Amino acid sequence: MDERCCLPDSASSSDAYWLLLQVLSLIPLWHYLLLAAFILFSVLYNFLELHFFQDLFSGFAGSPVLLSYNSSSQIYHAVVSKCDVLRGRYFATPWLCSPHLQTLFLNYFGRPPFLKYARELFRTADGGTIALDWLFSSHVSDNVGYEDESVPIFVVIPGLTSDSSSQSDISYNAGLTEDVRAVVNYLHKKRAKAPLFVVGTSIGANILVKYLGEDGENIPVAGAVAVCSPWDLLSLSVRDFDDHATRVVGKYESVDTYYRRCSSSTFVRSVSVPLLCISALDDPICTTEAIPWDECKANKNILLATVKHGGHLAFFQGLSASRIWTREKGCK
């Protein structure tokens, strides 16, 4: 009789595991290291949302700009027909093939152009102070001087951080439009002949769209651009701060009430001036789920341009990452 047939099940299992360990020990150590490296790379690749292989398989051709607009939109024919950037493709810098890498690179190596500004301190009705940093056309070109009152004015509303300083008794609020309204009305009164345009980035874009929707047609703005707007503040990961600080200072019943009242997506339908909205579908801060696609398409004054990659306000392109797609000169 074969004695192995009489062994307990536990003994058979132990022998099997022992044999397995002996077999595994025969595999060279560098094979295990290679497997560990592959697993680590896969985790990082997915965690950082890298898209290098997708770009490689597509021949580094980039992706076209997706345009969403109303069929009767006049801004589409007026802007897109004259702007090569919106009709072209965007190809992200290969070694910044991640929305997180793009966003971090912008923060540390964005290399903004060095320009000289003339600062004007503007006092608001509530006693606050806003720094208006003027970049006159004469600072970048000798062709036109400040005395020409017909030169267009571009107002830039930054996000949470900027180089301009301001003082106010009112705390941060992503839906506070009073300051923007006061500045726009002041500039319009000061230079009534100059076409006035407003550009908002990140939280500044949310404030801009909300302001445009609140005032409708009663607004001295010729056109606007919203870049990487969060649209729906529920997509931001600062709920605890908003619940314990922003909501309390703003006297909102709840943090959800603050989000509902201040999210620009609910004001999109009321925008009555030409508005170009630009977003990256892989924006890690202002996520694509928050984009009000249907509302933008329903409003004939809005043109929504989205690209597959770009991160948050980054949009670096070229092998040296020396160019930014949203700053390209491609409009006539």
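Each residue, glycine too, has its Cβ placed from N, Cα and C.
When Cβ atoms from all protein chains are considered, those within 10 Å of SER202 (active site, charge relay system) total 23, not counting its own. The annotation active site, charge relay system is assigned in TrEMBL to SER202 (among others).
TrEMBL lists ASP283 (among others) with the feature active site, charge relay system. Taking a C-beta cut-off of under 8 angstroms and a sequence separation of 6 or more, ASP283 (active site, charge relay system) has the following same-chain neighbours: PRO99, CYS228, GLY310, GLY311, HIS312.
Marked as active site, charge relay system by TrEMBL: HIS312 (among others). Cβ neighbour count for HIS312 (active site, charge relay system): 25 (other Cβ atoms within 10 Å of its Cβ, all protein chains included).
If you look up TrEMBL, you'll see 29-48 marked as transmembrane segment.
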Cβ-Cβ under 8 Å with the transmembrane segment (29-48): same-chain residues at least 6 beyond its ends: 98, 100-101
